[in-house]
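Database features (TrEMBL):
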BINDING   ASP13, ASP15, ASP180  Mg(2+) binding site
ACT_SITE  ASP13  active site, nucleophile
Amino acid sequence: MTMAYPYDLILFDLDGTLIGTAPEIADAVNDTLTVLGHPTVSQQAVNDWIGHGTRELLIQALAQLLNTSTQQVREAEAFPAIEAEFAQHYQRRCGTRSHLYPHVRETLQALRAAGVKLAVVTNKEGRYTQTVLDAHQLTPLLDHVISGDTLPVKKPDPAGIHDCLRRFGVAPGRALFVGDSSIDVATARNAGITVWALPYGYNMGEPIESCQPDRVIPDFSALTTLLSACDTAASA
Ligand SMILES: O=C(O)COP(=O)(O)O
């Protein structure tokens, strides 16, 4: 018998939820800073800057090093060239030091086999999203991917979720967001869908409980167990 899950569509954040990407993001940022003749930044600092896309992360790193505002970095004449330099390093680093979190692949496979539509909604720019997903052979398991530059707005704007709901003809009550940060919780709340959160990702240094997701789940095996329990409860 095919498992009937309580959700027809599950949307996943990428960085810190499906894949631990922080080490190779730090490598690319530090490659860039080294070329520019700046000191490097720590892994912890990079972890805490993840969330608004790699462009914003690079801006934060430069603002800290140059002791200036993010606005000034964003508007600096030299910034486009720095971003282009970073792009080369990040494309090269993508997939080299990231890792899939435990039980992610089996969970996505099981959900897909049960007919649940699966999508990624990330703030990471599209070209890097694709490289990271391909490096971990996740692309064939996903029905749709929305990156930080796919739409005119990114998370916490709910447009990415709305796009997926429309695309798959799913009502908000039948969709679940699984993420690792306050940005993900806010995005799901803005779209009016349920949100479960993992505690091991990147939440700008804050414990995930402080964002008040509907549930905190320890890992992906718990996700399957909880969804199956919902099924048992529904059919009891
Ligand atoms: O690239 C980022 O900063 C954030 O990416 P995420 O939305 O997948 O967490």
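Backbone N, Cα and C define each Cβ position, glycine as well.
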Cβ under 6 Å from ligand 1: qualifying binding-site residues of ASP13, ASP15, ASP180: ASP13, ASP15
Non-site residues, in chain order, whose CB comes within 8 A of the mean position of the CB atoms of ASP13, ASP15, ASP180 at Mg(2+): PHE12, LEU14, GLY16, THR17, LEU18, ILE50, GLY51, THR122, GLY179, SER181, ASP184, LEU198, GLY201, TYR202
Other C-beta atoms that fall within 10 angstroms of the C-beta of ASP13 (Mg(2+) binding site): 29
Number of other Cβ atoms within 10 Å of the Cβ of ASP15 (Mg(2+) binding site) across all protein chains: 28
Number of Cβ atoms other than its own within 10 Å, given for ASP180 (Mg(2+) binding site): 27
